[in-house]
Amino acid sequence: MAAAPAGVGDDGASAATAAARASEEEARALLPASSAPDGYADEDEDLEERAYEAAEKVIVCISDGPDLETGGGDDDAALCSSSGAAAPPPFSWRKLWLFTGPGFLMSIAFLDPGNLEGDLQAGAVAGDTLLWLLMWATAMGLLVQLLAARLGVATGRHLAELCRDEYPDWARRALWLMAEVAMVGADIQEVIGSAIAIKILSRGYLPLWAGVVITALDCFIFLSLENYGVRKLEAVFAVLIATMAISFAWMFTDTKPNMKDLLVGILVPKLSSRTIRQAVGVVGCVIMPHNVFLHSALVQSRKIDQNKEYQVREALRYYSIESTIALAVSFMINLFVTTVFAKGFYGSKEAGNIGLENAGQYLQEKFGGGFFPILYIWGIGLLAAGQSSTITGTYAGQFIMGGFLNLKLKKWVRALITRSFAIVPTIVVALFFDTSDSALDVLNEWLNVLQSIQIPFALIPLITLVSKEQVMGVFKIGPNTQAVTWTVATLLITINGYLLMDFFSSEIRGPLSGALLCVAVLIYASFVLYLILRGTELSEKIVKAIRNSCS
């Protein structure tokens with residue numbers, strides 16, 4: 001291009017530069033408050049813990065060179081070249097592939113041993129009648145996870161980090177404690193599920209406690225793959241999900257379920273008083289508190305400039321597609337498990353006694369061997385579910401601890417601390433509960449209750465933050481989306497409240513236990529209301545009234 005004539009181009013260039021800077025500052029003001037110019041961002045990274053360092057992130061967009069992840073050339077570069085205010089580049093399958101990973105890691109929580117146990121019990125007790133609820137529960141879970149991804153992409157920070165800045169110290173510590181408790185409860189279920197699978201595949205040679213130790217150690221082996229790049233770790237999870245899909249699809253094919261009943265179960269809502277507990281369990285297993293924190297951090301593994309609106313919108317577009325595909329796969333796997341046990345045990349005398357520990361043996365007695373015994377097919381699928389979920393649980397623990405406490409520790413140190421939180425009580429549990437199937441079932445019920453209690457402490461902060469313009473800028477959710485998400489949150493919290501009331505009404509006896517439960521419920525409800533009302537006009541009026549009464 002020819003140079004502009006002296007004395008003419010200089011003033012024009014200066015005016016254009018000034019206008020461009022003004023436009024950039026105006027656009028930057030509309031973006032999330034956490035976004036900052038590159039120089040400040042570098043300083044912040046030195047001061048604050050981050051989910052991923054800059055060198056660890058996968059490059060998905062290069063405007064002046066070949067794509068490092070795919071080896072692409074000018075075509076890929078053209079997809080990235082756009083000015084800040086321009087529309088996102090056209091859809092690219094290669095770019096979707098580069099964004100693929102976080103959603104599938106997130107979907108593991110929908111396939112952990114606790115969910116599989118809920119599936120098999122729903123199938124055995126209710127047959128195919130709750131498949132419609134499984135589908136809609138997965139859809140609700142997708143909505144929540146898309147909000148978590150939106151928060152992480154738009155702000156460049158994950159939920160635990162944002163909670164650290166959003167809430168006062170006492171509330172932040174309480175939220176951190178709740179998140180850790182939820183994670184430990186989920187981890188115990190996941191490790192026990194993996195240990196049960198190891199016991200099955202070793203034909204009982206390895207006891208439950210040995211399976212727990214093996215699972216604890218191989219978790220570090222898998223996590224070490226992250227040192228070779230995020231994509232290597234994601235590839236391991238892809239193999240584990242594929243293993244689950246193949247195993248449970250094999251079982252589905254072997255048992256030959258009635259396809260007409262299956263379609264009716266998906267399309268026609270049915271609910272009876274006899275299956276209400278299983279229905280509550282299906283919905284209650286959908287939202288895992290630690291998974292909300294996890295997904296908001298995982299999406300930061302891709303290099304996105306939060307100061308460029310089109311890049312954020314493009315990332316949200318690809319993450320939405322990827323998460324939808326991932327949860328569609330998880331729905332199919334859960335459907336396979338539910339229909340297998342519906343086919344084998346619905347209406348039978350064994351239906352009310354099946355749990356994770358004895359499910360394999362019941363399958364073997366019902367359907368026999370074939371080319372490959374169904375007991376071992378179940379064991380392989382369960383092992384993949386347990387191993388993958390316990391790795392993601394440890395991964396989530398690192399983000400939760402680092403985000404809430406702003407700990408600048410090496411990842412292996414945080415992984416060791418996180419693993420120790422869960423593995424010590426899990427070994428004790430394995431030694432104590434390895435005596436009977438019923439003991440493990442009782443433990444599982446208590447752990448489900450423990451996680452149900454924690455759901456509001458992940459869900460409410462998430463919805464609050466994605467609704468705030470100060471946090472999200474132009475990417476905050478609108479009034480209609482807010483209404484839908486609060487409705488879903490209310491439904492999930494109500495359903496889990498029903499589960500808790502049903503559980504405690506049968507477990508708590510005596511006036512002293514009842515009084516302690518009432519006090520605990522009052523404190524719990526007060527904290528939930530605080531999270532909901534904080535920052536609203538009503539909360540300000542309440543605080544003002546309290547201050548006036550005290551004075």
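Note: Cβ is positioned from N, Cα and C throughout, glycine not excepted.
Keep in mind that TrEMBL annotations are predicted by a computer and have not been checked by a curator.
What you are looking at is a predicted structure, and each value in this text was computed from that prediction instead of being measured.
Summarising the annotation, TrEMBL assigns region 'Disordered' to 1-47.
Summarising the annotation, TrEMBL assigns compositional bias 'Low complexity' to 1-21 (among others).
Annotation source TrEMBL lists compositional bias 'Low complexity' at 29-38 (among others).
Long-range contacts of the transmembrane segment (131-153) within the same chain: residues 102-103, 106, 110, 119, 122, 159, 162, 262, 265-271, 279, 282-283, 285-287, 291-293, 295-300, 304, 306, 312, 315-316, 319-320, 323-324, 327, 330-331, 334-335, 338-339, 459, 462-463, 465-466, 471-472, 475, 477, 484-485, 488, 491-492, each at least 6 residues beyond the stretch ends and with a Cβ under 8 Å from a Cβ of the stretch. Annotation source TrEMBL lists transmembrane segment at 131-153 (among others).
Annotated transmembrane segment per TrEMBL: 174-198 (among others), in sequence order.
The feature transmembrane segment is assigned by TrEMBL to 204-223 (among others).
Taken from TrEMBL, the feature transmembrane segment applies to 235-253 (among others).
Residues annotated as transmembrane segment in TrEMBL: 279-298 (among others). For the transmembrane segment (279-298), the list of distant contacts is 51, 101-103, 105-106, 109-110, 112, 114-115, 118-119, 121-122, 126, 130, 133-134, 137-138, 140-141, 144-145, 148-149, 151-152, 158-160, 178-179, 182-183, 186, 271, 323, 392-393, 395-397, 399-400, 403, 448, 451-452, 454-455, 457-459, 462, 492, 495-496, 498-499, 502: same-chain residues at least six beyond its ends, Cβ to Cβ under 8 Å.
Marked as transmembrane segment by TrEMBL: 319-342 (among others).
Feature annotation from TrEMBL assigns transmembrane segment to 375-400 (among others).
For 412-433 (among others), the entry in TrEMBL reads transmembrane segment.
Within its own chain, the transmembrane segment (453-471) is flanked in space by residues 32-34, 144, 147-148, 150-151, 155, 159, 162-163, 166-167, 174-175, 178-179, 181-182, 185, 287, 289-290, 292-293, 296, 477, 482, 485-486, 489, 492-493, 496, 500, 524, 527-528, 531-532, 534-535, which lie at least six positions past its ends and keep a Cβ under 8 Å from the stretch. The transmembrane segment annotation in TrEMBL covers 453-471 (among others).
As annotated by TrEMBL, transmembrane segment applies to 483-501 (among others). Within its own chain, the transmembrane segment (483-501) has Cβ neighbours under 8 Å at 140, 143-144, 147, 280-281, 283-284, 286-287, 448-449, 452-453, 455-456, 459-460, 463, 477, 528, counting only residues six or more beyond its boundaries.
Long-range Cβ contacts of the transmembrane segment (513-533) within its own chain (Cβ-Cβ under 8 Å, at least 6 residues beyond either end) map to 171, 174, 453, 456-457, 460-461, 464, 493, 504, 539, 542. According to TrEMBL, the transmembrane segment annotation covers 513-533 (among others).
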Study note, to complete from the structure: Beyond a gap of at least 6 residues from its ends, the CB atoms lying under 8 Å from the transmembrane segment (174-198) belong to 109, 112-114, 116-117, 160, 163, 167, 206, 208-212, 214-216, 288-290, 293, 356-357, 379-380, 382-383, 385-387, 389-390, 393-394, 396-397, 400-401, 404-405, 418, 421-423, 425-426, 429-430, 440, 443-444, 447, 450-451, 453-454, 457-458, 461, 527
Revision key, fill the gap. Of the listed stretches 204-223, 235-253, 375-400, the one with the highest count of C-beta pairs below 8 angstroms to the transmembrane segment (319-342) is 235-253
